[in-house]
Amino acid sequence: MRLKTSLLKEPKHKELVSCVGWTTADELYSCSEDHQILKWNLLTNETSLIVKLPEDIFPIDLHWFPKTVGGKKQTQAEIFVLTSTDGKFHLVSKIGRIEKSVEAHKGAVLAGRWNYDGTALITAGEDGQIKIWSKSGMLRSTLASQGSSVYSVAWGPDSDRILYTSGRQLVIKPLQPSAKVIQWKAHDGVVLKVDWNSVNDLILSGGEDCKYKVWDSFGRLLYSSSSHDYPVTSLSWAPDGEVFAVGSFNTLRLCDKTGWSYALEKPNTGSVFTLAWSADGTQLAGACGNGHVIFAHVVEQHWEWKNFVITLTKRRTMQVRNVMNDAVDVLEFRDRVIKASLAYGHLVVATSLQCYVYNSRNWNTPLIFDLKEGTVSLILQAEKHFLLVDGAGLYTFSYEGRLISSPKFPGMRADILNAQGVSLSNDTIAIRDKSDEKVILLFDALTGKALGDGKPLTHKLEVVEIALDQCGPSTERKIALIDKNRDLYLTSVRHLGREPKISKIGSMVHSMAWNDAANILCGIQDNQFTVWYYPSTVFTDKELLPKTLYIKDGSEFSRAPHILSYVGTKVTLRQGDGSLVYSSVPPYPALLHEYSTSARWEDALRLCRFAKDQSLWACLAGMAMANRELTTAEMAYAAIGELPRVQYINFIKEQPSKESSLAHMLMFSGQGQEAEATLLQAGLIYQAIQVNVDLFNWERALELAVKHKTHVDTVLAYREKFLQKFGRKETNKRFLQYAEGVEVDWEKIQAKIEMELSKEREKAANASVRSSMAPRR
């Protein structure tokens, strides 16, 4: 990825250009110390003078009133705020008329910014004060005042916090009066510029120490650049939060959100004082110290999938290369490309007005449909359909271009959704709620309605990243989530009635991805690359989980790699320095998943014997138990030396009826209450009591016996035996009370138990006879 820059031969402004701002994706206004405001039209390459400002107004900062909020067009006339050296800010219309001038600060007003919905304006001045104004220009409050000039200010993602500079320090101040202020030393020189992105919640700062840095919203340093030759005078996040631009003397850089640099340009500009991205994130403009305005657009983005590599060569052209036979196709578009995604055999490209869907088997005939007003900020793909996110909402389309659904929820801000907070599978859409980050909203992808009873999934901590698995039936859909503590959890998406069980399967996990063809999860755990061959085993046999992992030492990767994709057996990682590395995962687990879903247990056993891998046997044991395939499970557990489990499986096989076996399988997975409920429902009171005795749930066993007026003596007998073994006396009042009136006779009890079991066998036999007779009638 790099920037393609363009400069005119002669500058249009006679003095330094202080600020620039886009009205549309092809129209820019620039202000200069020569008092002129110029309009640049990029479609016709014309520049026209809008207005010559009065001689006493020297502009410093310009910001257009936000055009759209949540996809709805603002009704107000198009105006911008212009701050100047005389301590005023001016509200200026599109034709250059100054609608209102407001005395704001002593000394120059160094920055002026609207919040995302245009309900408030913030200004910062040389007098060290930060003030908030209404959109008509009335003073609402003075947020802060300090001894040094505030050079730059930025709104937090939800407009509830402010970030500003204070000498070498950065300060995050919430608007609520009592909330905690975060302040930290950011640079070794004065901080000149800051920006805060609403999509990824990351902060950028640049200063006179010639460095730029990336921080998270808690003030933790994520990246620090090396020292440049000159102070960093400007920086700006692209709207989607994937890249940012940095400007310095004769220097323009394009960087990834993690900090490393994609490209460096050395244009003849003097210092770049302001950088501004167009709303669709495809163009960049810079205000230059020598009177020029520099324009740049991003080219040479790459997308990879299996044997295809796709490159954006020009704004409206892509090149597709098939690396197997070096065949090259060129794709032309009517408008410029804004977003693209390549996965599951399809390329989805969003331009400013249309969406193109290509099938990888045929690059000549795309399917084209028109898009609504909003610019697409995110494309997610699943095997059967894809999701487009624009400022107005989320839309699921089939690869034939049919709109399938459009989920909506209260307080939805689609413009700040990112790939970490949204996930798509063939039947489910999961979205992390921005207003409460512990909550994950789940929707049916085919109808757009909330799943189940409409209750979202709530975790105990803030969730950082979510991902839905891609395979298997919709009833078994699982979601993996990483929370603020970097713990990885797995839970079921569809659960009937009862609270879903959220099980922890990893810790210190920084990045994760599901495989595209099997439910295998990979992640960077601590410093190791870890693959969970069968994460769902945590629901059937928790202790198997560590045995089903594939772990690779992280020494082959540099600091903090990030997983981009996991397709087939290949995992693509992006290292901290921006280089791509590939890691391969053995192909056997995916085969095993395939055999298990199609119930080919013989083939699965053969595969495990061939591969001679303990982790495969452990996966097979988990899969077989989940599918209640006891014979296979017994062999798999034997192969990994889990003898107590083998014995328990034999015990399950010897159960007199189906209900008892089912109950003991639930017990095997640690679901004691469900097991008891199953037995009681089938009328097997003795078995239910026995289950509780085996678990030493004495109180519950006695309660059941008394309630159903049966086997009270059995419970007391076992309790007595248990106490004798440990040489204890009975202290429980309920047991003492019943012990007085019931005599314990082991022979009678044994006979009674035998009778219960034979009755159960008889009942089971009758049921099977009845079921075999039914078809004959």
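Residue numbers in this text run from 1 along the chain shown.
The backbone N, Cα and C atoms fix where each Cβ goes, and this holds for glycine too.
Annotated features, as they stand in TrEMBL:
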type   : residues : note
DOMAIN : 300-588  : domain 'IFT80 second beta-propeller'
DOMAIN : 616-762  : domain 'IFT80/172/WDR35 TPR'
REPEAT : 102-134  : repeat 'WD'
REPEAT : 184-216  : repeat 'WD'
DSSP helix/strand/coil residue counts for the repeat 'WD' (184-216): 0 helix, 17 strand, 16 coil
The repeat 'WD' (102-134): DSSP-derived helix, strand, coil residue counts: 0 helix, 20 strand, 13 coil
Residue distribution over DSSP helix, strand and coil in the domain 'IFT80/172/WDR35 TPR' (616-762): 113 helix, 0 strand, 34 coil
Mean of pLDDT values spanning the domain 'IFT80/172/WDR35 TPR' (616-762): 84
